[in-house]
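Accompanying notes for the structure given below.
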Amino acid sequence: MSATSPITQDVVTFPRKLPEGGKRNLVGLTRPELAEALAAAGTPEKQVKMRVNQIWQWLYERGVRDFNDMTNLAKPYRALLADQFEIAVPEVVSRHVSEDGTRKYLVRIAGGHEVEVVYIPEEDRGTLCVSSQVGCTLTCSFCHTGTQKLVRNLTAGEIVGQIMIARDDLGEWPLPGRNPKNETRLLSNIVLMGMGEPLYNFEAVRDAMKIAMDPEGISLSRRRITLSTSGVVPEIARTAEEIGCMLAVSFHATTDEVRDKLVPINKRWNIATLLDALRDYPKASNSERITFEYVMLKGVNDSDEDARRLVELIKGIPAKINLIPFNEWPGAPYERSSNNRIRAFADIIYKAGYASPIRTPRGEDIMAACGQLKSATERARKSRAQIAAETGLG
């Protein structure tokens, strides 16, 4: 199958229709979409551009959720907006804080579906791990999240809404007499490494990230946004052209035989095809390098030979290799490589001239670590459902 073949998923998802008589959500609309919506609502043509700028700043620079708080708009115009539109973000169902400061939010979106969002504080940055789909279609054998079937894609509003609720919790919207732009940002980076494959939901992810990068709003540099893909080859060049963010690749193996088992998408776009697509990305996107993510699995992909083969495979690609200790989960078919084995693997890569940081697991005590998202929640709810069925209370 060629690298330009149409992309398909196990589950076909369709955009959700607006309920009869429902209001359109302004969160997630691009500037052109917002202009079109305001014009259709009766905004005079000569005022549309000005109104877009005003509303955009209220939504994404100040975090306002009530049209009545948009004080530089006339009251009749605020009433018109409130009559036809809403400002809606995902509902926070639960919030857990790890011993290491990691925060995990379970959020509910349209249709009653739930996804998880993780905030990871560090000394020099604060990173938000964002989801792009409900469930996942990739079935990577080492990832617990991948055992959960794909339900649907998230909308651009549901994706950017995750950023907004995290800023709510962190208190990072302006208050009278305070300008957060003059302060160290608590939420400074975004990684599209939550539930789902971002490149299987390209348009919504692109629009959400464009909103996050807009200098008149959330204003995050594209260098502070990293999109992680398992290797959807046909969309990689498009990502460079239309988003231009940093790119991470879930690589995890140095032979097709092993990667076919760990990351089944490799059966469609193998290692050679993937690497060919990646070689042009740093130049096309004006990004410094590509991050190769490599989960360390005992006796599977952690030998010295694997390390040397990895270095040979990526030769010529500006890159760093993130080594990820496997986050074990009940029933997992793999074990974490020993610390000594991981360090030896990292040393081979480092001596070949590549940065090879070993990721420190974060949020394990609240099931917020890599590959664990939503798993504990689903297990708990399944258990409650089983109990209810057994007792006749379901």
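Using the three backbone atoms N, Cα and C, a Cβ is placed for every residue, glycine included.
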Site-mate of G196, E197, S250, F251, H252, N327 for S-adenosyl-L-methionine in Swiss-Prot, selected among S219, S228, S338: S228
Other CB atoms within 10 A, centred on F251 (S-adenosyl-L-methionine binding site): 29
Winner by Cβ contact number (other Cβ atoms within 10 Å) across the recorded positions E116, E197: E197
Inter-residue Cα distance where the pair is C143 ([4Fe-4S] cluster binding site) and E116 (active site, proton acceptor), in Å: 15
Candidate with sparsest Cβ neighbourhood (10 Å radius) among C129, C136, C140, C143, the listed recorded positions: C140
Integer Cα-Cα distance in angstrom, C129 (disulfide bond) to C140 ([4Fe-4S] cluster binding site): 19
Candidate nearest G196 (S-adenosyl-L-methionine binding site) in space, where candidates are the binding-site residues C136, C140, C143 and distance is Cα-Cα: C136
C143 ([4Fe-4S] cluster binding site): nearby binding-site residues from E197, S228, S250, F251, H252, N327, Cα cut-off 10 Å: N327
